Amino acid sequence: MKGKKMISITGHYNEFTVFLAVIVGILASYTALDIMSKMMKKQRNNYLWLTLSAASMGIGVGAMHYIAMLAYYVPVSFHFNAVLSVIALIIAISGSLGAFWTFWKWGTSVWSGLILGSSILGTHYIAMAAIETEAHIHYAVLSVLLSIIIALVVAFYAMHLFFRSKSVKANPFLKLVSSILLGIGISAMHFISMYGMKLHIEHSVVRRWGQWLPYQAPFSNMIASITITLLIVFLLVAAFKRQEEVRDSQLKEEYYQSLFNYNPNIVCAVDLYGNIQTINPKGIELTGYTLHQMEKIPFPYMFREAEKAEEYMWKSLSGDSVYYEATLIRKDNQPVYVEVTQMPIIVHGQIKGSYVIAKDVTDRKKAQQQLLDLQEDLKRTLSQQDGAIFKFVKNDEGYIHTMCEGKMIREMGYEEIDVVGKTLEEFLPESYAKENKGYYEKAWAGEKVSYEVLLNDFAYYTKLIPHIYKGEVKEVIGSIVDVTDLHEAREKLAKSESMYRSVLSTMSEGVVFHDLEGNLIAANAYAAKILNVPYDQILSVNPFGLDWEIIHPDGTPFALEDIPSVRCLRTKEPVRNTVMGIYLNEKKLTWLSVNAEPLQESKYYKGVVVTFYDITKQQEQEQDLLHSNQQMIIAKEEAEKANQAKSEFLSKVSHELRTPLNSILGYAQILEEQGEKDLTEKQLNRIRKILKAGNHLLYLINETLDLSKIESGHLAINLEPVSVKEAIEDALKIMKPLAKDKHSILYTRFHAYQEVFVEVDELRFQQILLNLLTNAIKYSPAYRDITIYTEITQHHVTILIEDRGFGIPASELNRIFEPFYRVNRLEKDGTGIGLALVKQLVVLMNGTCGVRSEEGKGSTFWVRFPLVHPPVPKRLSSEGEAEPFLGFSMPTSIVYIEDNDTNIELMQSILSPYKNVKLLVAKTGENGIGLIRSISPDMILIDIDLPDMNGFEVCTQLQLEKELKHIPRVALSASAMQSDIDQAFLVGFSEYVTKPIHISTFLNVLKRLTKA
């Protein structure tokens, strides 16, 4: 270098390439930290993620360095040593691997930051050492030190900031800030180091600015390769992250859907306007509505207590979680009692709606009502007894009376309201309350207690019996007997010593006197009578030496020291109201109420006077009362069992009648459909008469079942506002053909055509009108008119149906609404069910009914219901209208499992017109399952009553087989019991068809399920 002229040169940066270098540094940092956080979150494939994260970081650091070098323009040539360049890249990757591994294993951001910063520095300075050029490179010490400090501090702080939250989703902002900080820090370290670099070169080799440098072409290729590699890694990580997010989202959605769809309670979401947005299958099943139908009904109006539900809904939409009980009204007007929990849906701090969870508590409500009815029956019975029965329990306030019934209570000057729910101190004087409380405490401790109390000029004998369950007293039952006469007798004895002999001889209780040794010194005749000892011998006997068996009320024997006279002699204290059972010589149990008082004269004790009276009758009455109550309960249970047996019998009869009706009506429908081409008009009319008679029989079967359900309390109704005018007009449309056959005209006369509404079950209300109109037409001669009109008052509407028929004798008017009763003189078809069903339905819907009739002139039947406000208008819907069957559009295979040959032939006849339908039959459940396995049909029809296994078991078996569970299954049964229908859907049936089959409806079901 000596002798040569050296000059110092400087370069300049391309701003865009510098910006690109910074972006590459940030991108590499973001990719590496994102992969690292994913590894720490997933806890699987850790070494793969760790390596990929380190590679992304190392390649990014190298790419940033070389892009930054490419951005620096100087008029000299550069070459790079390949070995040192590769070493620099290896150091960048291995240093990143060491930093991330250190944090993963030990969780320390200090060491991991130092390792990462060191690898960045090593990569930079080794890469700088790889430069081969004719220029001489010198570094400023201050710039080198500053670059080292920046690299270490930035690496540590970026690692610490990001990894203090291990969940990316918990704080994604930290990842972005850490990536920017680390990327800018790496770039800053590079450019600060470059700022301190000085180049010295001979004057002769200086190039002019803007000339292409030889190192830029291979340098650009290498930078492009590294950048593309980094971009590919970033895109792969982003794609994998997106895939995992989608999978996580799907998994969470499936979790939510499982919780939503299989929840045993109603679960739905309501928007800010009270509209139902979605509802689970349990909600659809329990309400009877489809989601489309419920979207048209505001959520509060699903409940009988709409105002209450609306109030709680707005509370939940204001941010509060609420709980309340309400009555949900099903689509069929059946009430369902539910416990509702409603909570707000909050998204990003804003309320978007509310979630609703409703639990069905109908069975519990019904059980509570039955219990209340039973208690009311017992209460009426107990109120008629001469004595009194009461019960009490203990709580924090003391002994609370829960029941009090009997004539004795009223004779004492109290009413039930004065005692029930009160403590002793609340209705008794303080002294009496204190005395009674002592007896109450003994009874609550488990003892049977008997005592006498004087209150309001009445003396009464009380017995307390604790009810013990699992070793704990749950309540105490008390009985009261009037002993006022006995008490008055005692008072008279105390007032007049001179009269005591006469009193003793006439008293209705026994009296004996003992001296201090226990010997009898006096007794009255009644005492001898009670004790079954001759009066002239009673004083010569020792009462403690007799062979008497004495027992407590609970049956345990009396110890000698507990006998009242002995106890009084020993303690010198009175013993009162002790109940003793004595087996006398004849071994007859006699119950006595015994009192013992010490005899005292001038401070000296002389003995004991014992009074006792026979309470055997009272004891027996108490036992008889308890026995009568038990018998009443048993009788009620027997009546309920008999009612249930009747319902089951009628259900079986219905099943047996529906089975042959299925064939009769089925073949008749087929013949009617084919008759227009193949039969004469006369034959077609006969077939229609068969259909009419069969449908009439089906109507009678259904009415009989309805009557049975009402009597057993199992008929569900759904009360809602119904237009009286529209209901009458609909009934008249149905009845006009029947009236036309009798040459009768149906007249209507509304109250000034005023539109009024009643709260009824719409279907049952229509049934009432049709039954009354049918009777009016049936029991009127031909060419007689029938008039239906209304009378409206301020609170009620009365619907009257007036005929000019035969009339009803006055002697039979009181029985006309009895089940199966028919007017004897009228030779008309009928079962006597219609009017009985009318009355039961009217009463069930809070109405009244009656009849006015004059024999020979006609009758007027009327029903009366309270008026209600009009309902909220609803949009009209064509849903539920019958549709004609248009055939199957594609080949369909159907397996029919049925053991009844007649039903098989009927099904073959129904499907035979459709050439693209193939019907295969199996007569047992086992054969049917085998056939289904072999051909995998499009549809399965299963009869419930099969010889080897029932249809429910067949469906359950198919549901367990993965290859068969997707095939639609239809249950066919003559049973119309709701329990059977519910069980069918529970085990996996798609539809439940009740025999007899309506062919068009049945075929539409098959078409819908097979999508043919």
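Note that Cβ sites are derived from N, Cα and C of the backbone, with glycine treated the same way.
Keep in mind the model is a prediction, meaning the values are calculated, not measured.
Positions annotated as domain 'MHYT' by TrEMBL: 13-200.
The domain 'PAS' feature in TrEMBL is assigned to 252-294 (among others). Packing against the domain 'PAS' (252-294) from elsewhere in the chain are residues 300, 302, 310, 313, 317, 328, 330-332, 334, 336, 338, 342, 345, 351-360, 877, 879, 985: each is 6 or more residues past its ends and has a CB under 8 Å from a CB in it.
Annotated domain 'PAC' per TrEMBL: 322-373, in sequence order.
Per TrEMBL, domain 'PAS' is recorded for 496-554 (among others). The average pLDDT computed over the domain 'PAS' (496-554) stands at 74.
Annotation source TrEMBL lists domain 'Histidine kinase' at 652-869.
Taken from TrEMBL, the feature domain 'Response regulatory' applies to 893-1010.
Taken from TrEMBL, the feature transmembrane segment applies to 16-35 (among others).
Per TrEMBL, transmembrane segment is recorded for 47-74 (among others).
According to TrEMBL, the feature transmembrane segment maps to 80-103 (among others).
Residues 57-58, 61-62, 65-66, 69, 78-85, 87-89, 91-92, 94-96, 98-100, 102-103, 137, 147-148, 151-160, 163, 186, 189-190, 193, 197 of the same chain, all 6+ positions outside the transmembrane segment (110-131), place their C-beta atoms under 8 angstroms from a C-beta of that stretch. The feature transmembrane segment is assigned by TrEMBL to 110-131 (among others).
The feature transmembrane segment is assigned by TrEMBL to 137-161 (among others).
Sequence annotations record features per position, and here TrEMBL assigns transmembrane segment to 173-197 (among others). Listed by sequence, the residues of this chain that lie at least six past the ends of the transmembrane segment (173-197) yet keep a Cβ under 8 A from its Cβ atoms are 18, 21-30, 33-34, 37, 61, 64-65, 68, 72, 120-121, 124-125, 128, 137-144, 146-148, 150-151, 153-155, 157-159, 161-162, 164-165.
Among the features that TrEMBL reports, transmembrane segment is placed at 217-240 (among others).
The domain 'Response regulatory' (893-1010): residue composition by secondary structure is 54 helix, 25 strand, 39 coil, according to DSSP. Within the domain 'PAS' (252-294), the DSSP-based counts of helix, strand and coil residues read 21 helix, 11 strand, 11 coil.
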